[in-house]
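If you check TrEMBL, you get these features:
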type: ACT_SITE; residues: His141; note: active site, proton acceptor
type: BINDING; residues: Cys149, Cys152, Cys200, Cys203; note: Zn(2+) binding site
type: DOMAIN; residues: 17-292; note: domain 'Deacetylase sirtuin-type'
Amino acid sequence: HSVSRTSPNLAFVPACLPPDPRDVEELQRFVSNSKRLFVMTGAGISTESGIPDYRSEGVGLYARTDRRPIQHTQFVHSASARQRYWARNFVGWPQFSSHQPNTAHLVLRDWEKLGKLHWLVTQNVDALHAKAGSQRMTELHGCTHRVFCLDCGDQISRSELQKHFEALNPTWKAEAFGVAPDGDVFLTDEQVCTFQVPACRKCGGILKPDVTFFGDTVSRDKVDFVHQRLAESDSMLVAGSSMQVYSGYRFALAAREKKLPIAILNIGPTRLDHFASLKLNSRCGELLPLVV
């Protein structure tokens, strides 16, 4: 493997035991038997890069706070909700955009290069698989590094938008209270109320990150495309996801229907545990590099 050994950041990783040698053997057998592996990743693959997730026991956002992510309808229909979202995102962006792939992302990239991994679907919006160099990949819920206009569809990079925010808010300053998933930070209403949000440079419309917010749906075309990649595959590996969100879970149901073997690598229970061929309770960055 050409995997660089970066030290993982374990602040947002739930406690777990080191991999049992028998688990390593079983996952090795699973991967060796697969010729066209379909991999689905979730937030649990990025926690070792220092990005918190929502659901992990004790360390996820839901366990630590009563904060909840913005809903699609809130963002679309409320100017104050958008102002709050973008103010928090503006403060969080420099740190969030600087996160780097960890060992698990690099291993999956290497499997792709070796022809082992047929297709990768990530539920994450952090661009870490892209940064690692994965190419045979679908970002199921989009990516925070892209922004588009809800009215005319014009696209802009998130880093470019950061410059527009800075130009509109030259004297605005805010101290963040804790970091959340998806580039968000916590701010008070007083901090947010003077923050200026730019409109689309082409039509003056509403700018939205190119991500599927809670309460929104993944496009039919994207879902069909992923189903096609799954139909070409001979096994499925779920890494770092409890699969609580239906947009990802539906592909596991499709894999079960096709009688594909399914392996799960996730700390804590998942929605697939009762029908998976293999369930491993380890850190992705600790177990995946042991498979050759």
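Yeah, the Cβs are placed from backbone N, Cα and C, and that goes for glycine too.
Locations of recorded TrEMBL features on the structure.
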{"residue": "His141", "record": "active site, proton acceptor", "contacts (Cβ under 8 Å, 6+ apart)": "Gln123, Asn124, Val125, Val211, Thr212, Val218, Ser247"}
{"residue": "Cys149", "record": "Zn(2+) binding site", "contacts (Cβ under 8 Å, 6+ apart)": "Gln155, Cys200, Lys202, Cys203, Gly205, Ile206, Leu207, Lys208"}
{"residue": "Cys152", "record": "Zn(2+) binding site", "contacts (Cβ under 8 Å, 6+ apart)": "Cys200, Lys202, Cys203, Gly205"}
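A 10 Å cutoff on Cβ-Cβ distances gives Cys203 (Zn(2+) binding site) a total of 13 other Cβ atoms nearby, all chains included.
In the predicted model, residues of the domain 'Deacetylase sirtuin-type' (17-292) average a pLDDT of 91. Excluding Cys149, Cys152, Cys200, Cys203, which define the Zn(2+) site, the same chain contributes Leu150, Asp151, Gly153, Asp154, Ala199, Arg201, Lys202, Gly204, Gly205, Leu207 within 8 Å (Cβ to the Cβ centroid), listed in sequence order.
The Cβ of Cys200 (Zn(2+) binding site) has 19 other Cβ atoms within 10 Å, all protein chains considered.
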